[in-house]
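S.K.: The region 'Esterase domain 1' annotation in Swiss-Prot covers 7-127. Among the features that Swiss-Prot reports, topological domain 'Virion surface' is placed at 17-392. According to Swiss-Prot, the active site, nucleophile annotation covers S40, on the basis of sequence analysis. If you look up Swiss-Prot, you'll see C44-C65, C113-C162, C197-C276, C205-C249, C307-C312, C347-C371 marked as disulfide bond. Residues or ranges marked as N-linked glycosylation site by Swiss-Prot on the basis of sequence analysis: N54, N89, N153, N236, N301, N316, N358, N417. If you look up Swiss-Prot, you'll see 128-266 marked as region 'Receptor binding', on the strength of sequence analysis. Swiss-Prot lists 267-379 with the feature region 'Esterase domain 2'. Marked as transmembrane segment by Swiss-Prot: 393-413.
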Amino acid sequence: MFLLPRFVLVSCIIGSLGFDNPPTNVVSHLNGDWFLFGDSRSDCNHVVTTNPRNYSYMDLNPALCGSGKISSKAGNSIFRSFHFTDFYNYTGEGQQIIFYEGVNFTPYHAFKCTTSGSNDIWMQNKGLFYTQVYKNMAVYRSLTFVNVPYVYNGSAQSTALCKSGSLVLNNPAYIAREANFGDYYYKVEADFYLSGCDEYIVPLCIFNGKFLSNTKYYDDSQYYFNKDTGVIYGLNSTETITTGFDFNCHYLVLPSGNYLAISNELLLTVPTKAICLNKRKDFTPVQVVDSRWNNARQSDNMTAVACQPPYCYFRNSTTNYVGVYDINHGDAGFTSILSGLLYDSPCFSQQGVFRYDNVSSVWPLYPYGRCPTAADINTPDVPICVYDPLPIILLGILLGVAVIIIVVLLLYFMVDNGTRLHDA
C-alpha cells in the first residue's frame, strides 16, 4: 500500500516522457472567428494580376485566399492609408485579430514634411499610432476607416504643405492662411463631426519647434474641443529648435460627438479620416507579425515597440527576409509563421502558440485561451505530469481496495484450506 503513491508518480512521469508541447513561432486562432490585416505578402487579389499568376509572391498560404478573413493591399499599410492620399479602406472584423503590415512606411521611404524635417519623428508617429490600434483591437471586433466631415467658415482651402516623394499628407488637413492675414499670429476654428462608430482614432499633430516663415518664427498650437462634453485635447510646441523637427502626432481615442478644431498660431489642422472602432468584445490579445524588408533596405522596429503584452503578441523570424519571388516577397520563415492560420490552436502566449492544452515543459507567459501547465522537477528534459490529480487519486483508491480484497480472499482460502487438512 505504501508503494502505491510512488508507483502512481513514477507512472505519471514515465507517461510524460517522449511528449513535448513547446510554444511554436506562429500566429493562429482559437476558432474560425479571426481576421488578418496585411499588404502584398497576403494580398490574394494582387497575385491575380501578376503574370504569370504566382502565389510564391505571398507569405500567406493560398488556401486561405477564399476565407473572407483577409483585408490586404499591395504597397499599402494601415498607417499609410490613415495619413496620406495613398489610401486603401482596410476593413475587417473578428474576435482574434492578426496584423502583418507596416513595411510600406519605413525609413526606406525617408518621409518628412519639409526638406529640413525629420523622418525619425515619423517613425515615432508610426509607433504611437500602432500602439493605439493594437490596444484598441484587443477590445474591439471591427476596424475600418471613416471620413470626418468638417466645416470651415473662411475662404481658404486645405493645402498640401506636408509631402515627400509620392506621399502627400491629407490627414490632418492644413487650412491655408486667409489672404487678409499678414502673418501666422491668428486664431482660427473649424467644426468637425464624429458619428456612427463606438470610438475613433484621430490624429492631433503639431510642428514641435520654431517654424520659420518670412523671417518670423512661430510656435504651433492645436486643440480639439468636444462641444458635447466640454473636454478639450491640446498640443503646444515646446521645442526651441529651428531645424530637424517635424510633424509630431498624438493619436486620440474619441467618442462620437461635435468637435471644434482650434489653432492659436500657425496653420489650423483638422482631421479628415479616422479609424472606426466598433463592437466591443471580451479582451483578446492581438497578434502582430514583424513587417520588414530584406536587409538591403532599411526597416524599423515600430510595430514591435507598439506590440506589448498583455494586449499583443509579437512574432518574428530569426533570419533575414529572403523571398523566393523576389528578395522582398515569399520568405520561408514568415511563410512558416503564417502557416498557423491553417489550423485552430488552444493557447497563445508571449513565447508562442501551444498546439495542445494538457501539459508542456514551458510555462506560458501572458497566457490566453486553454493553456497547458508545466513544472520544473530539476530534470530539464523530463516534464512532470500535471494532469488533473483527481482521476489518479480515485484510481489509487480503487487499486488499494482491490489489493485489500485480494489479500482478504487469499487469507480466507488459506485458513479454510488449513482447516480442511486438519479435519482430514
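In case you wondered, yes, glycine gets a Cβ from its N, Cα and C as well.
As the structure is a computational prediction, the values presented were derived from the model and not from experiment.
Can you tell me where each of these features sits in the structure?
M.R.: Residues belonging to the topological domain 'Virion surface' (17-392) score a mean pLDDT of 93 in the model.
According to its DSSP assignment, S40 (active site, nucleophile) is helical. In the structure as shown, the Cβ atom of S40 (active site, nucleophile) sits within 10 Å of 21 other Cβ atoms.
Cβ neighbours of C65 (disulfide bond) (same chain, under 8 Å, six or more residues apart in sequence): C44, V47. Classification of C65 (disulfide bond) by DSSP places it in coil, neither helical nor stranded.
When Cβ atoms from all protein chains are considered, those within 10 Å of N54 (N-linked glycosylation site) total 13, not counting its own.
When secondary structure is read from DSSP and collapsed to three states, N89 (N-linked glycosylation site) falls in the coil class.
When Cβ atoms from all protein chains are considered, those within 10 Å of C113 (disulfide bond) total 20, not counting its own.
Annotation for N153 (N-linked glycosylation site): spatial neighbours A190, criterion Cβ-Cβ under 8 Å with sequence separation of six or more.
Counting only same-chain residues at least 6 apart in sequence, those with a Cβ under 8 Å from the Cβ of C276 (disulfide bond) are S142, L143, T144, F145, V146, G196, C197, Y200. Under the three-state DSSP scheme, C276 (disulfide bond) falls in the strand class.
Cβ environment of C205 (disulfide bond): P172, Q222, L235, F247, N248, C249, H250, T269 lie under 8 Å away, each six or more residues apart in the same chain. DSSP assigns C205 (disulfide bond) to a strand segment in the three-state reduction.
DSSP gives N236 (N-linked glycosylation site) a strand state. Sequence-distant contacts (6 or more apart, same chain, Cβ under 8 Å) of N236 (N-linked glycosylation site) comprise I206, D219, D220, S221.
Under 8 Å, Cβ to Cβ, and six or more positions away along its own chain, N301 (N-linked glycosylation site) finds D290.
Of all the Cβ atoms in the protein chains shown, 25 others lie within 10 Å of the Cβ of C312 (disulfide bond).
All protein chains included, N316 (N-linked glycosylation site) registers 17 other Cβ atoms within 10 Å of its own Cβ. In the three-state DSSP scheme, N316 (N-linked glycosylation site) falls into the coil class.
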S.K.: Cα within 10 Å of N358 (N-linked glycosylation site): which of the recorded positions S40, N54, N89, C113, C371 qualify?
M.R.: C371
S.K.: Please name the residue among the glycosylation sites N89, N358 whose C-beta has the most neighbouring C-beta atoms within 10 angstroms.
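M.R.: The largest 10 Å Cβ neighbour count belongs to N358.
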S.K.: In whole Å, note down how far the CA of N316 (N-linked glycosylation site) lies from the CA of C307 (disulfide bond).
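M.R.: With the alpha carbons as reference points, the distance is 12 Å.
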S.K.: Nearest to N54 (N-linked glycosylation site) by Cα distance: which of the recorded positions S40, C162, C312, C347, C371 is it?
M.R.: S40
S.K.: 10 Å Cβ neighbour count around C347 (disulfide bond)?
M.R.: 22
S.K.: Closest of the recorded positions to C312 (disulfide bond), Cα to Cα, picking from S40, N89, C162, C347?
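M.R.: The answer is C347.
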S.K.: Any idea which of the disulfide-bonded residues C162, C197, C249, C307, C371 has the thinnest Cβ neighbourhood at 10 Å?
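M.R.: C371, out of the disulfide-bonded residues C162, C197, C249, C307, C371, has the fewest neighbouring Cβ atoms within 10 Å.
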